[in-house]
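Taken from Swiss-Prot as is:
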DOMAIN    82-246  domain 'CP-type G'
BINDING   Asn130, Lys131, Ile132, Asp133, Gly184, Gln185, Ser186, Gly187, Met188, Gly189, Lys190, Ser191, Ser192  GTP binding site
BINDING   Cys270, Cys275, His277, Cys283  Zn(2+) binding site
Amino acid sequence: MTRGKPGRAHKQAATGEHGLVIAAHGRHYLVERDGGGFLQCFPRGKRSECAVGDRVVYEATAVDQGVVVRVDERRNLLYRSDQFKSKVLAANLDQVIIMLGTEPSFSEDLLGRALVAAESLGITPLILLNKIDLTARLETARSRLALYRDLGYTIVELTVHGAPEAAHAALEPHVAGRASILIGQSGMGKSSLLNLLIPGVDAQTREISEKLDSGKHTTTFTRLYHLPADWGQGGMLIDSPGFQEFGLHHLSEGMLERAFPEFRPRLTECRFYNCRHLQEPGCGILGAMAEGKIDPRRHQLYAQLLHESEQQKPW
């Protein structure tokens, strides 16, 4: 990935065939050829610059291998980062689906960070609350999510195992015709959801793993699945490995303040043009929080992300 300017396409002229990156594992990429079939590809040069969802130009170097010579311009690039490194998730997305469950208890910090990541790129977020048949913790989960519902985020409640047909009917309108990435902690039901929406997903995953030479590491790579053709609208669903943290060290102060939708209308109310919304007098954000119009949890997340963005980054 090009550090500092993620999403920048290669500028050199290139000839070759066109395809779509449908899986990534390290510096190995599986490209779906526009003309049919698949090819394992490697990036040209030392730096890996491809992401699942990228449209690329490649040149075949063998019957089943090739080299990516150009990445087409991206609409967006979703990735996470910490103080030491960054991790590409996917490119050219319409939607970020955040999978939560009533049990085990979900991380509200990860949820908030995923929403900020989506907002910073102008990507629509969708929150799924799975396992609503486990009623012991359902009301607690709903209470924790009330803040996000009040902010205008769409929350779909379902139980993939207990009522698969109802879950399918609830999800299809949200995913059909869109490029979505599915993210979340382990144990929230992502695998069950994939099996519900993508017929034969296990066989597809094994095939992708074999073509990538990733062997037994079938849960450690990001992969793209086309939604069923009989839906009639196209669309794709990208599955990313489960993770427990979602660092956003790459987001600048200006990007962060605009990634909180409840902050945006109040940014012009600050007394100082360079207000950081931490302790400055006459701050529109702090004033709104004092009036109960901004939840302190959201401001706490903003302050933490701002602190992280100030850390020195070697990448």
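Glycine is treated like the rest: Cβ placed from N, Cα and C.
Keep in mind that this is a model prediction, so the values were computed, not measured.
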So of Ile132, Met188, which of the binding-site residues has the fewest other Cβ atoms within 10 Å around its own Cβ?
Ile132
Using DSSP, would you call His277 (Zn(2+) binding site) helix, strand or coil?
coil
The domain 'CP-type G' (82-246): mean pLDDT?
91
What's the CA to CA span in angstrom from Cys283 (Zn(2+) binding site) over to Met188 (GTP binding site)?
39
Just give me the nearest neighbour of Cys275 (Zn(2+) binding site) among the binding-site residues Ile132, Gly184, Lys190, Cα to Cα.
Gly184
Take the C-alpha atoms of Gly184 (GTP binding site) and Cys270 (Zn(2+) binding site) and report the distance between them in angstrom, rounded.
35
Just checking, which of Asn130, Ser186, Ser192 (binding-site residues) has the fewest C-beta atoms within 10 Å of its C-beta?
Ser186
Three states by DSSP: which one describes Cys270 (Zn(2+) binding site)?
coil
